[in-house]
């Protein structure tokens, strides 16, 4: 019975994660449509300090869509493993890219299309091979997991490395190296996902009628979550302000998801009962998503024109036809006699003259 319940929880979490990506990806389109509509009216744009978007219903629809998506993502952690939920967040980028090409007339080049296909394939592989048994189903079990020496060592390493990055590496290399602030966001983000997971279990038990509001662990997790999210937003904004979005986004996704999967493996031990082929499938699916996100973002602003083709493709079919004609001509030369008719005739005359002399 527990196995059937765990399987239902897995599919509920999967559905929530997928719906979260759809709502969040669509929210960017709605907000952008609202802002473009205001710009066409001559209103002061948001980038110039204007707040006219607060009177646009499309912008509010986008905000509502994002709120629904974040709520669904929050709830997904209560049902499905973090190893599955976090990587599927990349689908929101895919949804946003596809919808923008249809509704915002933004060009999606061939690199972006390949990236979308790779993201879908990688997500499918991860869903097939992700762990379906949930290790933590109660707040008491969550408290025991948090006392694990392995997780305590991991949390200490995250905090110490984040402090060093913020106060030592940040002032020196923060404006020249994109990894400094992105590493801070990713490391702290792995702890925030653990807090979200614990709060999701708390709400799940609360709706089941259990007295969990008296437990201090839920409130501690809430405070830690607020602190972690504040640090994440602060340093992610710094990275986006200094560096190009097309550089920050794929690097942040890779490092953040890797940190979350590492934390999940240590805290929840979701990988402990997985078979070898499922572990390989999960890692392969994640790397496939990473490749897709990289292609989607890194080459987003690069137009794919014939000038970018290799030389042998740029010459076109005419040159290929010329090449094959030259090859046929060369091949026909192999079957020709070494001496032409004139050479044979001249040779025969010289032989007759020498015979007459003799």
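Cβ coordinates are placed from backbone N, Cα and C, and glycine is handled just like the others.
Model, not experiment: these values are computed from the prediction.
In TrEMBL, the transmembrane segment annotation falls on 178-196 of the listed ranges 121-139, 178-196.
When the ranges 198-216, 217-235 are checked against TrEMBL, the one recorded as transmembrane segment is 217-235. Against the transmembrane segment (84-104), the recorded stretches 12-30, 57-77, 151-172, 217-235, 247-268 differ in Cβ pairs under 8 Å, and the greatest number is found for 12-30.
Counting residues 6+ beyond its ends, the transmembrane segment (247-268) has Cβ neighbours under 8 Å at 81-83, 86-87, 89-90, 93, 135-136, 145-146, 148, 150-151, 154, 158, 178-179, 182-183, 185-187, 189-191, 193-194, 197, 236, 239-240, 286, 290, 293-294, 296-298 in the same chain. For the transmembrane segment (12-30), the partner stretch with the most Cβ pairs below 8 Å, chosen from 57-77, 178-196, 275-299, is 57-77.
Listed by sequence, the residues of this chain that lie at least six past the ends of the transmembrane segment (178-196) yet keep a Cβ under 8 A from its Cβ atoms are 74, 77, 82, 86, 155, 158, 161-162, 165-166, 169-170, 221-222, 224-225, 228-229, 231-232, 235-236, 238-239, 242-243, 247-248, 251-252, 255-256, 258-260, 262-264, 267. Sequence-distant contacts of the transmembrane segment (275-299) (same chain, at least 6 residues past either end, Cβ-Cβ under 8 Å): 83, 87, 90, 93-94, 97, 109, 111-112, 114-131, 245-247, 249-250, 253-254, 257, 261.
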